[in-house]
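TrEMBL annotations:
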- S113, G114, S115, L116, E134, D162, D180: S-adenosyl-L-methionine binding site (BINDING)
- 250-300: region 'Disordered' (REGION)
- 254-269: compositional bias 'Low complexity' (COMPBIAS)
- 270-279: compositional bias 'Polar residues' (COMPBIAS)
Amino acid sequence: MSFAEYSECIAEGDVAIIYLSHDSMMPVKVQRGAQTQTRYGVLRHSQDLIGHKYGSKVSCSKGWVHVLHPTPELWTVSLPHRTQILYTTDISMITMMLDLKPGSVVCESGTGSGSLSHAIIRTIAPTGHLHTVEFHQQRAMKVQEEFAEHRVGHMVTVRNQDVCKDGFGVSGVADAVFLDIPSPWDAVGHAKSALKREGGRVCSFSPCIEQVQRTCAAFTDHGFSEICTLEVLLQVHDVRTVSLPLPDFGTDSDLNQDQDQAQNQGQNQSPAAVSIKTTTKPREIPGHTGFLTFATKPRT
């Protein structure tokens, strides 16, 4: 099992995602002889998990669950939160706007709970590399353990340092840089140094517009171009069935007598209606998460 490669069957040491419902999932480290309690009953790793195919439906004493192969998207909604995290809505925009692809070299700060990190690693695999910087020592150690456990440790380097003072620990190697720190404007110079001479893209995530203003000014001062700021809001439409009456446009003079008789017979009946599928906007839109500011380092 690897977050970057798909495996057919569950093996000892894998991290599997136990699917309980659409909004309830939990990660489990598969170990021979171990058991996991769920709201539907107990899962015995040796009998119920090891050797079974991913996607299998496992029966418990009070119901059943599905055992899914881990992906960055599933990890995002089930990981243990050590910090506020980025979700798939913003992550998809970041990976697209940074032009990430297999073989890309990316610098990231701060790592946090590793939600975005896993998505980046999956995108740049198998030949790319992620250099991620985390200021908090315990969080850096924990996320490094998770990368090794998820078998992607060979594609990522974790550094415990202050990116605003010490940079990313590399120079002139990155295709893209991502900043998720309180003062990203202090790290713009280090981001420019980390990018290749051929140029590259930078993204900064900030929850406050004042942070965006200072970051954009720093990008301008360091010679970046194509500066833009986006806010991504997810709007899920409700699909429902509605019944609409058919309009009565009257009769045509060319209708034959049989049709007239059929119409006369149906005068006492209720008007015909048709059922259709339609969508409606939500009454409330999810609140603001943050602003994504992108900039391009020109070729030097």
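Any Cβ shown, glycine's included, is placed from N, Cα and C.
Mapped onto this structure are the features recorded in TrEMBL.
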{"residue": "S113", "record": "S-adenosyl-L-methionine binding site", "Cβ neighbours (10 Å)": "21"}
{"residue": "G114", "record": "S-adenosyl-L-methionine binding site", "Cβ neighbours (10 Å)": "30"}
{"residue": "S115", "record": "S-adenosyl-L-methionine binding site", "Cβ neighbours (10 Å)": "23"}
{"residue": "L116", "record": "S-adenosyl-L-methionine binding site", "Cβ neighbours (10 Å)": "27"}
{"residue": "E134", "record": "S-adenosyl-L-methionine binding site", "Cβ neighbours (10 Å)": "26"}
{"residue": "D162", "record": "S-adenosyl-L-methionine binding site", "Cβ neighbours (10 Å)": "14"}
{"residue": "D180", "record": "S-adenosyl-L-methionine binding site", "Cβ neighbours (10 Å)": "22"}
Given a Cβ distance threshold of under 8 angstroms, which distant residues of the chain, six or more beyond its ends, lie next to the compositional bias 'Polar residues' (270-279)?
237-246, 248
With the S-adenosyl-L-methionine site defined by the record as S113, G114, S115, L116, E134, D162, D180, how many Å span the farthest pair of C-alpha atoms?
20
